[in-house]
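A single structure is presented below for examination.
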Amino acid sequence: MEVEGKGGEAGTTTTATRRFALPVDAENKSTTFRLFSVAKPHMRAFHLSWFQFFCCFVSTFAAPPLLPIIRENLNLTATDIGNAGIASVSGSVFARIVMGTACDLFGPRLASAALTLSTAPAVYFTAGIKSPIGFIMVRFFAGFSLATFVSTQFWMSSMFSGPVVGSANGIAAGWGNLGGGATQLIMPIVFSLIRRMGATKFTAWRIAFFIPGLFQTLSAFAVLLFGQDLPDGDYWAMHKSGEREKDDVGKVISNGISNYRGWITALAYGYCFGVELTIDNIIAEYFFDRFHLNLQTAGIIAASFGLANFFARPGGGIFSDLMARRFGMRGRLWAWWIVQTLGGVLCAFLGQIHSLTWSIVVMLIFSVFVQAVCGLTFGVVPFISRRSLGVISGMTGAGGNVGAVLTQLIFFKGSTYSRETGITLMGIMSIACSLPICFIYFPQWGGMFCGPSSKNVTEEDYYLAEWSSKEKAKNSSQKFAETSVSERGRASTHPQT
């Protein structure tokens, strides 16, 4: 599979000082996306980032497919299970915000590997828990690893040019999120294999957690050993040589949080990725209890939801890029809003179905929409801010976890609502939270309902406004502005200045 933007040519590209296997733009970002390549640094960063995120996802959601066994062993109540689900996604709210800033200051390689290594012990410790409190705590700390999503999106946005960045972000995140479905298959199989070796069921589930913990650890070392922060090198080396200036952390954060577009992406993402996280936590138990299925059958059905990430989220990113080529940023925004609204409708409908067959069918269709809209969201995020890309990515990613926490706290904790009613209300919330997308407006490109505010407003005006007059000569926003003119689209009459 190859996705190519304007100006992309086959073959090796050479800059004034560096030689790359893929064609690059003025920032040395790849203008093409070749899925089956491992070319350094662009495609190697892609494969390392999605695999690390995949391993973290498997670890975080390793418990839900084994819940029928775990709850019996630890005497978990419905409230305990609900609290554990909330804990698993609430920990990374703060971690994602911090991760964004860490990527801006230290680079995605060190930031992601450090987090992955520091959270792996929580996965191993799951084998030794003896109480509901212990179960909640290990799920809380293991969930911090989901902040590697932010480093994944930051890394892809740093390696790939605007015309293909939606595809790169979508595929990397989609394949990483695939861990949420894969773990629904992996953990019951690992559990069964350990049982066949002679272990009791209460011992087998504990031993099973060493598998995701081990792979999470190995992925972090792979990133450290083989990854590279930017096309031009690692942050620490570029800072040391003076090739890259160290930015002011206060200005990076304030610039990011003062951009209202980042808050809207956080809200909308809260009810697409937040919905996905919630489903990952509840769906196996939902089918197990409601339709009286066995553990492995419920796991297979639940896995089919997460496994749609293999093509759905990447498809959303690719769709965002295709819309941008024809309609510019306005096309990205329209596609995002339409797909999220339809996903919300399907979610609401899912909660009203009483047939096992139709529940599975609607769930599969819903999974495609809810995961595609995640890819569409991060087709827009890289263009909101150049200086504070990590902060905006962190805010948006954290919004997904906040949405999951609030949804599970309100609709799926205890017995206030049935699972069916909770799913329906979650769909309605998704529809409502997609409406603010209509208010995202870029003066140089326009918004959903109107074009650019003035033909005199350029990409340079927008991105260089993030810097003071003294700082402008020391940043790379000028080059980014030059490459982002593609967001005008072919349909635009905005002059190429």
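Glycine is no exception: its Cβ is also placed from the backbone N, Cα and C atoms.
According to TrEMBL, the protein carries these features:
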COMPBIAS  475-484  compositional bias 'Polar residues'
REGION    469-497  region 'Disordered'
TRANSMEM  50-69  transmembrane segment
TRANSMEM  110-129  transmembrane segment
TRANSMEM  136-155  transmembrane segment
TRANSMEM  175-194  transmembrane segment
TRANSMEM  206-226  transmembrane segment
TRANSMEM  293-312  transmembrane segment
TRANSMEM  333-354  transmembrane segment
TRANSMEM  360-384  transmembrane segment
TRANSMEM  391-411  transmembrane segment
TRANSMEM  423-442  transmembrane segment
Which one of these stretches, 110-129, 175-194, 333-354, 360-384, has the most C-beta pairs shorter than 8 Å to the transmembrane segment (423-442)?
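Selected stretch: 333-354, with the most Cβ pairs under 8 Å.
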Considering pairs 6 or more residues apart, do the transmembrane segment (50-69) and the transmembrane segment (360-384) have at least three CB pairs under 8 Å?
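They do not touch: fewer than three Cβ pairs between the two stretches lie under 8 Å.
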For the compositional bias 'Polar residues' (475-484), give the DSSP counts of helix residues, strand residues and coil residues.
8 helix, 0 strand, 2 coil
Looking only at the recorded stretches 175-194, 206-226, 333-354, 360-384, which one has the largest tally of CB-CB distances under 8 Å to the transmembrane segment (293-312)?
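It is 175-194 that shares the most Cβ pairs under 8 Å with the transmembrane segment (293-312).
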How about long-range neighbours of the transmembrane segment (333-354): same chain, 6 or more residues beyond its ends, C-beta under 8 Å?
268, 271-272, 275, 316, 319-320, 323, 327, 362-363, 365-366, 369-370, 372-373, 376-377, 379-380, 419-432, 434, 437-438, 440, 447-448
